[in-house]
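Annotated ATP binding site per Swiss-Prot: Asp439, Arg454, Lys553, in sequence order. Look at Swiss-Prot and you will find 3-11 tagged as motif 'PTS2-type peroxisomal targeting signal', backed by similarity to another entry.
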Amino acid sequence: MTPVTTKTIRPEVPPETEKLSLLHGPIDPPLVDLTLGELLELQTYQHGTHECLVIPWTGARWTYNDLNQQSSWLAHALLDLGIGVGDRVGIMAGNCEQYAAVFFAAAKIGAILVILNNTYTPTEAMYGIQFSECKVVFTTRKIGRMDNTRLLGDLDNLDRGPKVVMLRGESANYATYDDLIESAMGKSHEKLYEAMRRVSPHQVVNLQFTSGTTGLPKAAMLTHHNLVNNSRFIGDRMRLTSADVLCCPPPLFHCFGLVLGLLAIVTHGGKIVYPAEVFDIAATLRAISDENCTAVHGVPAMFDSLFQAEFPANFRCDRLRTGIIAGAPVPRYLMELLVEKFGMTEFTSSYGLTEASPTCFNAFTDDSIDTRLTTVGTLMPHAHAKIVDRDGNIVPVGVRGELCIGGYQLQAGYWNNSAKTAEVMVRDATGVLWLHTGDEAVFDEHGYCSITGRFKDIIIRGGENIYPLEIEERLLAHPAISRAIVVGLKSNHYGEVVGAFLERAPTAAKKPSDQELRDWVRKRLGGHKSPAHLFWLGEGGVPADVPLTGSGKVKKFEMAKLGDELLRKETPVAKL
């Protein structure tokens, strides 16, 4: 697979008077040219006896020396299995110490780690394994409550399938992680060092399947250079040091858990704690307290669950100061709770996407609370960003449009999918490569970015653009609403009208009427933004569960399809 190459040309800066939405990130600190293997060796030299990785649910407490040694033994074993530069190694597992070892082991020998989402069905996992042609797959018989038996059976039935290695637990006739480690212990590392010398920072090291809200997942090709530098800059924005302890509930199969979590900590010599195999409220709260964490990451739904739970006896979070909340739009009340309940006065908002390795914008810890509540911060070092209209023209500052990203951090393309790569990665007239994110955003005059929705989620009602996020935020401000999902529904007259799927708050004494909610929206927003159709989750033929991508984003196209179907069946719903 030939990666897309990027030019280092600096996009042409427009005249000052134009005030166009074009930004360039700081040029300091400089980019570094390190492989992930070199990064771990360097940090081990500096912080060898310092704890790096804590997994309360397995009891593991690995120092930098431990992680480096385990990954080196495993890398040696992979070489003995014939795995080399460019070969694909798959992993489907929960958060555990072995996951980190597999990641660095593959990186050390130039292999490409194919990360498989734990929420995949056996069919989806098989697609990822076969599409990327994995030679080895690391997994477990169970991941949380999920049983992997069917997937293992499907792999066994392949004529020329990958070698399956069990990370832990019952192994039956499969090779195990411990077997591979033991096979390499005591052997000379010369073979490994020779392999490491053949690895370049600009080689692909990771395939991340994007959990897009439409179509089959695509595999973003990320390089050592992408990940090492992006994780450095993330940690810098959080002011991480070797004294920090990060509690990281997000999964390692996602960039949030891997890059914003593990790698941001490793680049700064700190310690990371993965509380449980899969997200567990009680385990996360215990980890924050027991490990004296200074930071905690999470998507909004995770933090919401933590704040709704009863804190354990003697719970302490007096050292908590920072962390990142990202992955989905963040309600204001949730950010306020980070400060009020956790004391995270230095929390940071963030924006990124898999194809950009991932973080593009991140707030500083000393940005005002209001700035962190309303924006995703400013552009990261060595990145470029612009906002364009539907014709590809850069819009003035303050005008919404599609966010595009350029710079060192862009993916090398989608694995074996040149058509999709060409669709989202487009060179401008000066030859600069831009990634079209599909996200709608706006810049202010100081370079702060606000994400206002999905560019393709815009509802066009009678020729007027309507932005779902502002309607969702208004509906969520109603005391009887705990969840709001706004989509465009088909209309013969307007083309599209506003539809809203709502969840009633547990504390609500009664369900508000449709008219009450329409009036509620109209008080702050225009009448054309008031929902024409209202549906309640779990009622009137509407499922209680919302379809989500693997990273927790709502599949809005499925919700819109459901709404259209309900209307076609003439389900009794109030109409405007």
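Glycine is no exception: its Cβ is also placed from the backbone N, Cα and C atoms.
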Helix, strand or coil at Asp439 (ATP binding site) [DSSP, three-state]: strand
For ATP, whose listed binding residues are Asp439, Arg454, Lys553, the greatest C-alpha pairwise distance in Å: 13
All-chain count of other Cβ atoms within 10 Å of Arg454 (ATP binding site): 19
Reduced DSSP assignment, Arg454 (ATP binding site): strand
Local Cβ density at Lys553 (ATP binding site) - other Cβ atoms counted within 10 Å: 17
Three-state secondary structure, which DSSP defines for Lys553 (ATP binding site): coil
Around the Cβ of Asp439 (ATP binding site), the count of other Cβ atoms that are within 10 Å: 21
